[in-house]
Amino acid sequence: MPMHIPFPFNWIPTLPVARCQESPSLLKRAGTEKLREVFLKYASIQKNGEHYMTSEDFVRKFLGLFSESAFNDESVRLLANIADTSKDGLISFSEFQAFEGLLCTPDALYRTAFQLFDRKGNGTVSYADFADVVQKTELHSKIPFSLDGPFIKRYFGDKKQRLINYAEFTQLLHDFHEEHAMEAFRSKDPAGTGFISPLDFQDIIVNVKRHLLTPGVRDNLVSVTEGHKVSFPYFIAFTSLLNNMELIKQVYLHATEGSRTDMITKDQILLAAQTMSQITPLEIDILFHLAGAVHQAGRIDYSDLSNIAPEHYTKHMTHRLAEIKAVESPADRSAFIQVLESSYRFTLGSFAGAVGATVVYPIDLVKTRMQNQRAGSYIGEVAYRNSWDCFKKVVRHEGFMGLYRGLLPQLMGVAPEKAIKLTVNDLVRDKLTDKKGNIPTWAEVLAGGCAGASQVVFTNPLEIVKIRLQVAGEIASGSKIRAWSVVRELGLFGLYKGARACLLRDVPFSAIYFPTYAHTKAMMADKDGYNHPLTLLAAGAIAGVPAASLVTPADVIKTRLQVVARSGQTTYTGVWDATKKIMAEEGPRAFWKGTAARVFRSSPQFGVTLVTYELLQRLFYVDFGGTQPKGSEAHKITTPLEQAAASVTTENVDHIGGYRAAVPLLAGVESKFGLYLPRFGRGVTAASPSTATGS
């Protein structure tokens, strides 16, 4: 008896989506002359001045299927008949072009299946047509379907003479597998007890519903029964659950208000499913039982549903300039790979930090001068009424470049400062994120705090040099000060003057900023979880408002400690001393000086920095087997034709227009409808899966 293996479509790689360019088509139609050129390249028959393709020309040479020498002739003819509407064994150019157009229609998957069954090419399916194709499938060879039963008679009539049109055929094809499953149950229960054994249950599901099974479900079909016999209601509920998994996912999203990470109980999903008459409590019981068999947990989240029935999706992402896969799987993450990942993040963070600092540096200069302005006046010192007045006077007295006084040392320090902050935050978040990708709020706050503490090593020397350069222009007759002269004057220990105040500012800032950014970013993602660059910019700016404003008192104290006090100005010995003296001499409002400037500087700076950092990770993508920024790609449920378009292979440049989706669509006929055709001819032993998959 011949051994069959599945029709070889599972090897097709997933490549970028072929977007719709002609409404309502998903694929742009090929030009007639270009299509004719491709047709003539493969057409091997010439009759009466016309060229034709044979079945082998079309299926084996053009589509690249059944490349083995011992291919199944009947399967090749069946597939060629889809395009051969005249059913004369030859494909003309007009038929070749017509099928290309069919592949561009929104319901191409069903129409392709219909033409597979329309053996006479008259636009209808007869009983003989249906029976002929069904009898050639692998499923029928393993679990025969009764072609004389009541199901067939309901569709084709008692005498089996009724013809089925396209619209009716789509329903027939949908109902066929459900009926086949019930008939298989009856065949395994000849005594009519209403029960079958666990092994028979496994055999039926693997054969009749294998196009709906994931490896995790397939491996647990026996264990989910707990060794008990399977009743007919349980069997029907199980098959219904597989069919309704997309509906189950919608129920879950309704129960969690759109969150894909919330863990929910059986009672919660039962409550949410009350409005869905298609879902029964028994199906929910099986769902949780199956999820427990797969990963041994009492509650489920969206990833558990995807493990049972993965979504067909396309990835919507920014164009990648480079893509590197450092490891094959997360299990291969060595210490060296993790160091490389941190180095990669540090490099991108440095560039992002420099970009962000340059954009907002004029605002930072205004903020610093406002914070350093003491109560009362000082001879020769420019007085500012507000931030806008400060901005105008800097431009008037020092020129436009005066707004960038001290930028160079700022860039030299801000690059590693922002890099270490972003890297440490990502590193700690990675360590505190569970296997499902969830991280508690306390862990987000801790990661941000660690990031803030780590940056002080770079921030304090940078800040003290920057501040002294920024305030140097306030004295009209003052000599020009260089960054290096400030460094030599302060020395190593002097560069860390005010470090306590710096910690007092940076730790709470980052502890507030990063969790706020992550949650705001998630809220601004679209329904598919994707963040447009503008939403990243907005999330970064919004998160900067509370973070920057709430730590302004610490920033004022740090500025006063690090600036050089002029003659007649109060000097401070430490954080507590500065706090007491500022309060006594200037009142509590002095602690909030420059708040507006700080918010207007920090919010856009971090917005620009974060959007640059995440976009760089999208553009220069490296998979280290760890976590990627959320929102960088969307897992969007697609239609069968979109799935086909997303799986287009570019190996054959002759697959143009609708033919770009030909092979994936034929795979869809197999995977969606379970119409697996034998690949090898009779008497040929099947090879292993790895060797059986051809090009």
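Positions of Cβ are set from backbone N, Cα and C atoms, glycine also.
When the topology recorded in Swiss-Prot is consulted, Gly491 and Gln617 turn out to be separated by the membrane. As stated in Swiss-Prot, the feature transmembrane segment covers range 498-517 out of the listed 498-517, 658-677. Those residues of the chain, other than Asp84, Ser86, Asp88, Leu90, Glu95, with a C-beta within 8 angstroms of the mean position of the Ca(2+) 1 site C-beta atoms are Tyr52, Ala83, Thr85, Lys87, Gly89, Ile91, Ser92. Here the Cβ of Glu95 (Ca(2+) 1 binding site) has 20 other Cβ atoms within 10 Å, regardless of which shown protein chain they belong to. Within the same chain, residues at least 6 positions away in sequence whose Cβ sits under 8 Å from that of Leu90 (Ca(2+) 1 binding site) are Ile45, Lys47, Tyr52, Met53, Thr54, Asp84.
Here the listed stretches are 449-462, 498-517, 537-554, 594-613, and the one with the most C-beta pairs under 8 angstroms to the transmembrane segment (406-425) is 449-462. Taken residue by residue with DSSP, Asp88 (Ca(2+) 1 binding site) is part of neither helix nor strand, so it is coil. Here the binding-site residues are Asp84, Asp88, and the one with the most other Cβ atoms within 10 Å of its Cβ is Asp84.
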